[in-house]
Amino acid sequence: MACKVKAELEAAFKKLDANGDGYVTALELQTFMVTLDAYKALSKDKVKEASAKLIKMADKNSDGKISKEEFLNANAELLCQLK
């Protein structure tokens, strides 16, 4: 992964990790998602469902949260698929 992209993704993870514990939880993800126009029109239940799906996709060790490593790996995988 290119250094610039990695730095941008690390900055994004830091914003998502609201309490700074090194993990993004479903609640942190939901809190962020409702600030985005794409999610504002959705009900709370739909946002909760979307965050659960995102966590499931990235959470490789099935602990219910996304570590920085899992976040970086999921984004790297996605970016490779899009190229």
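Using the three backbone atoms N, Cα and C, a Cβ is placed for every residue, glycine included.
Some features that Swiss-Prot has for this protein:
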{"type": "DOMAIN", "residues": "4-39", "note": "domain 'EF-hand 1'"}
{"type": "BINDING", "residues": "ASP17, ASN19, ASP21, TYR23, GLU28", "note": "Ca(2+) 1 binding site"}
{"type": "DOMAIN", "residues": "46-81", "note": "domain 'EF-hand 2'"}
{"type": "BINDING", "residues": "ASP59, ASN61, ASP63, LYS65, GLU70", "note": "Ca(2+) 2 binding site"}
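Annotated features, which come from Swiss-Prot, shown on the structure.
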residue	record	CB count, 10 Å
ASP17	Ca(2+) 1 binding site	20
ASN19	Ca(2+) 1 binding site	10
ASP21	Ca(2+) 1 binding site	10
TYR23	Ca(2+) 1 binding site	19
GLU28	Ca(2+) 1 binding site	19
ASP59	Ca(2+) 2 binding site	19
ASN61	Ca(2+) 2 binding site	10
ASP63	Ca(2+) 2 binding site	11
LYS65	Ca(2+) 2 binding site	20
GLU70	Ca(2+) 2 binding site	20
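Comparing CA positions across the binding-site residues ASP59, ASP63, LYS65, GLU70, the one lying closest to ASP17 (Ca(2+) 1 binding site) turns out to be LYS65. Mean predicted confidence for the domain 'EF-hand 2' (46-81): the pLDDT average there is 92. DSSP states for the domain 'EF-hand 1' (4-39), grouped as helix (H, G, I), strand (E, B) and coil, give 24 helix, 2 strand, 10 coil. Of all the binding-site residues in the record (ASN19, TYR23, GLU28), the one with the smallest CA separation from ASN61 (Ca(2+) 2 binding site) is TYR23. When secondary structure is read from DSSP and collapsed to three states, GLU70 (Ca(2+) 2 binding site) falls in the helix class. Here ASP21 (Ca(2+) 1 binding site) is compared against the binding-site residues ASP59, ASP63, LYS65, GLU70, and the shortest C-alpha distance is to LYS65. Distance noted between the C-alpha atoms of ASP59 (Ca(2+) 2 binding site) and GLU28 (Ca(2+) 1 binding site) is 14 Å. The Cα of GLU70 (Ca(2+) 2 binding site) lies closest to that of TYR23, out of the binding-site residues ASN19, TYR23, GLU28.
Residues of the domain 'EF-hand 2' (46-81) grouped by DSSP class, helix first, strand second and coil last, total 27 helix, 2 strand, 7 coil. The distance from the Cα of LYS65 (Ca(2+) 2 binding site) to the Cα of TYR23 (Ca(2+) 1 binding site) comes to 6 Å.
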